[in-house]
Amino acid sequence: MLQVYLVRHGESEWNAARRIQGQSDSPLTETGEHQARLVAQRVKSESITHIITSDLGRTRRTAEIIAKVCGCEIILEPRLRELHMGVLERRNIDSLTSEEEKWRKKVLDGTPGGRIPKGESMDELAVRMRAALENCRNLPVGSRPLLVSHGIALGCLVGTILGLPAHAERRLRLRNCSLSRVDYQHSPWLASGWIVETAGDITHLDTPALDELQR
């Protein structure tokens, strides 16, 4: 059985400022750095062999903190990037016009053909995220990889493993530095292939999430 751990990056400056990041970038906040240290301690005893990360700065920094604790090298994987949000990237979510908000909702709610201008569809995201996960099956036998990616991207991956449409990720809350695990296995009691063992675990974190503070 192959066990693959999934970590969302730590809180970034644009997370805190409510700016749309997508494949644009901003550094981790002090809280984000702290979250990364906490999840690193959480997985320290899990015998992680590979840390594979999106090549964006916020995920790379999170991966660096985890790698230092786990003693692993970092592998960059562009297919783990966040959903490309096109012309809305870098914008504050509260500044969107009604038309722009319709674009954003269409891409996230599964509207056929939903796509922000110059951006990516949820189905395209699902294809590349699954390809990145499947590549883990080429690692040496006994490997226990950890993937560092993004909220929408990881939600899409976990949801599609469960047989849900790509846009169902909006029903799954994966907070900054939450920990999930998916396994590739063959069991007489479960579906063969990828299954979800756990999703969105935050028991290792010690501060409220942004969405809790902003209620």
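Here the Cβ of each residue, glycine as well, is placed from N, Cα and C on the backbone.
The number of other Cβ atoms within 10 Å of the Cβ belonging to Gly22 (substrate binding site), over all protein chains shown, comes to 23. Annotated substrate binding site per Swiss-Prot: 8-15, 21-22, Arg58, Arg60, 82-85, 151-152, in sequence order, evidence recorded as sequence analysis.
There are 30 other Cβ atoms within 10 Å of the Cβ belonging to His9 (active site, tele-phosphohistidine intermediate). Under the DSSP three-state reduction, His9 (active site, tele-phosphohistidine intermediate) is assigned to coil, being neither helix nor strand. The active site, tele-phosphohistidine intermediate feature in Swiss-Prot is assigned to His9.
All protein chains shown were included, and the count of other CB atoms within 10 Å of the CB of Glu82 (substrate binding site) stands at 26. What Swiss-Prot lists as active site, proton donor/acceptor is Glu82, and the listing cites sequence analysis.
Other Cβ atoms within 10 Å of the Cβ of His150 (site 'Transition state stabilizer'), summed over all protein chains shown, number 25. Marked as site 'Transition state stabilizer' by Swiss-Prot on the basis of sequence analysis: His150.
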For Met85 (substrate binding site), the number of other Cβ atoms found within 10 Å of its own Cβ: 23
Other CB atoms, at most 10 A from the CB of Arg8 (substrate binding site): 27
Assigned element (helix, strand, coil) containing Trp14 (substrate binding site), judged by DSSP: helix
Recorded positions near His150 (site 'Transition state stabilizer'), in sequence order, restricted to Arg8, His9, Trp14, Gly22, Glu82, Met85 and a 10 Å Cα cut-off: Arg8, His9, Gly22, Glu82
Those binding-site residues of Gly22, Glu82, Met85 having Cα within 10 angstroms of His9 (active site, tele-phosphohistidine intermediate): none
